Amino acid sequence: MKHQIILGIETSCDETAVSIVKNGQEILSNVVASQIESHKRFGGVVPEIASRHHVEQLTLVFEEALKEANVSYEDIDAIAVTEGPGLVGALLIGVNAAKALAFAHGIPLVGVHHIAGHIYANRFMKEFTFPLLSLVVSGGHTELVLMKEHGSFEVIGETRDDAVGEAYDKVARTLELPYPGGPHIDRLAHSGQPTLNLPRAWLEPGSYDFSFSGLKSAVINALHNASQRGEVLAPENVAASFQDSVIDVLVTKTVKATKEYGVKQVLLAGGVAANKGLRAELERVFQEIPNVELVIPPLSLCTDNAAMIAAAGSIAYEKGKRSGFDLNANPGLELTSFNKSSI
Ligand code: KG4
Ligand code: ZN
């Protein structure tokens, strides 16, 4: 049987990434050019700078990905590209490059939702067993996604305000830590104690939604109140208290949904999946839950990359999803199931 080869492109935020994936589960190349250094001094991603970097980097990243995988355009079955959500100018660079290549080489084009990509990063670790639940924690999203089969996504809970990564980055900025702040808080938390009593937003009973803006404000208030009293709170204790509150809510809701929906597998997805505290707590808790397999991707597949887009694209392509040359960047794209399209 002929192998399936998918070329993935990801430019939704501050990583320019191209990858070649074989049969949806084998990475032949996964090249990521990070722009973090350029955005660091502004304390966050500057959209115009992101777009300019994507333009400058994309061709080089392409060439490297094709060379490393040792494939040529004739070998590629489909081009999968992140169509949204993300920064519109950044997404446009990837989408237009994908369209140009698809047109020039006569290769089918498949638009992929960024979060579907984060979820499918787990398929490089383990084959999916359904029903499964994915805890998606990134800079833009916090969601519990139920999947009953490949390419089918049901969001059973999501954040009502800040995404968890966003809360990490804002608290980090208050603590004057560099961008992106998540890894710095994670590192500090391990040397501190959860001395602050911070809120946990459980919301209405039975809800799988999240809310992190109250927690973020509570941290900022605690720091301001302390400084008005002429005191300084130990940053490692602030980090540990914040991280404890976040992990408590994320893990408790994930366990509850796991039981309610009788899922066989739990996947962790998104940039915040790199968090050591979250990984350790999920591992501890799921060790005691029989017949549920916990899957956590390696750090390199948690943060934005194109292998995950190719992996999701592989299933979308198999399901018959095709995008036309009218494919556009969609910054507010909703996560919907993959369907056969009529193009
Ligand atoms: O998925 P991602 O790379 O980009 C989006 O799709 O949003 O996630 C980036 C987010 C940032 O907010 C970053 O601070 C956070 O992931 N992050 C972490 C850690 N590593 C990255 N947050 C907490 N702990 C970490 N170790
Ligand atoms: Zn992401």
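Just so it is clear, glycine is given a Cβ too, placed from its N, Cα and C backbone atoms.
All annotation found in TrEMBL is predicted automatically rather than curated by experts.
A quick note: this is a predicted structure, and the numbers were derived from the prediction, not measured.
According to TrEMBL, the features are:
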BINDING   His114, His118, Asp304  Fe cation binding site
BINDING   Val136, Val137, Ser138, Gly139, Gly140, Asp169, Gly182, Asp186, Asn275  substrate binding site
DOMAIN    26-310  domain 'Gcp-like'
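Overlay of TrEMBL feature records on the structure.
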residue: His114; record: Fe cation binding site; Cβ within 10 Å: 25
residue: His118; record: Fe cation binding site; Cβ within 10 Å: 31
residue: Val136; record: substrate binding site; Cβ within 10 Å: 26
residue: Ser138; record: substrate binding site; Cβ within 10 Å: 24
residue: Gly140; record: substrate binding site; Cβ within 10 Å: 21
residue: Gly182; record: substrate binding site; Cβ within 10 Å: 26
residue: Asn275; record: substrate binding site; Cβ within 10 Å: 28
residue: Asp304; record: Fe cation binding site; Cβ within 10 Å: 27
Subject >> Filtered binding-site residues, from Val136, Ser138, Gly140, whose Cβ is under 6 Å from an atom of ligand 1 >> reply: Ser138, Gly140
**OP:** For the recorded Fe cation site formed by His114, His118, Asp304, name the remaining residues of the chain with Cβ within 8 Å of the site's Cβ center, in chain order.
**Re:** Glu10, Ser12, Thr82, Ile115, Gly117, Ser138, Gly270, Gly271, Asn305, Met308, Ile309
**OP:** Report, in whole Å, the straight Cα-to-Cα distance of His118 (Fe cation binding site) from Val136 (substrate binding site).
**Re:** 8
Original post:
Rounded to a whole number, how many Å is the Cα of His114 (Fe cation binding site) away from the Cα of Gly182 (substrate binding site)?
Top reply: 20
Subject >> Residues Val136, Val137, Ser138, Gly139, Gly140, Asp169, Gly182, Asp186, Asn275 [recorded substrate binders]: greatest CA to CA distance in Å >> reply: 18
**OP:** Have a look at the binding-site residues Ser138, Gly182, Asn275 and say which one has the shortest Cα distance to Asp304 (Fe cation binding site).
**Re:** Ser138
**OP:** Take the C-alpha atoms of His118 (Fe cation binding site) and Asn275 (substrate binding site) and report the distance between them in angstrom, rounded.
**Re:** 15
**OP:** Could you list, ordered by sequence, which of these binding-site residues: Val136, Ser138, Gly182, have a Cβ under 6 Å from ligand 2?
**Re:** Ser138
